[in-house]
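The structure under discussion appears below in the form of structure tokens.
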Amino acid sequence: MKPRHKRALIIIAALIAIGVAALLILNALNSNIALYVTPSEVAAGKAPQGQAFRIGGMVKDGSLKRDGLTVHFVITDLAKDIPVAYIGILPDLFKEGKGAVIQGRMNANGEFIASEVLAKHDENYMPPEAKHALDQAQKNGSAK
């Protein structure tokens, strides 16, 4: 085989390898993306179907119920409520009436099955998306 043909085969093989690597990276990134939605968007059917996503809002007062390691509570944006089930130990800062972001999937019964629970870590901090969603929900709730 001539050196020119060898070089061409090496270049073609390298391009194919780079293409396969790029596809694998994009696939991995796509499967790790968790979209952020509000309880109102979930109730309106705007949540992603069949994939994990995040819900942000406030933990509704009086909704926290523990059954062994399973915890049931309600996340709200002050306009709509979504029931949540989580198996595991909650973060220390997780409390009723405080902000939280929950990652997981909806089940067929309309309950959000959480795989991860993040609690608001500072008295004054709230993610911009959650603050905007709560402000919108308050405006919509007071307009009715």
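Heads up, residue numbers simply count up from 1 along the chain you see.
Cβ from N, Cα, C; glycine included.
The annotation topological domain 'Cytoplasmic' is assigned in Swiss-Prot to 1-7.
Feature annotation from Swiss-Prot assigns transmembrane segment to 8-28; the stated evidence is sequence analysis. Using a Cβ-Cβ cut-off under 8 Å and counting only residues 6 or more beyond its ends in the same chain, the transmembrane segment (8-28) has no close neighbours at all.
Across all of the topological domain 'Periplasmic' (29-144), the predicted model scores a mean pLDDT of 84. Annotation source Swiss-Prot lists topological domain 'Periplasmic' at 29-144, citing sequence analysis.
Feature annotation from Swiss-Prot assigns heme binding site to His121, Tyr125; the stated evidence is sequence analysis.
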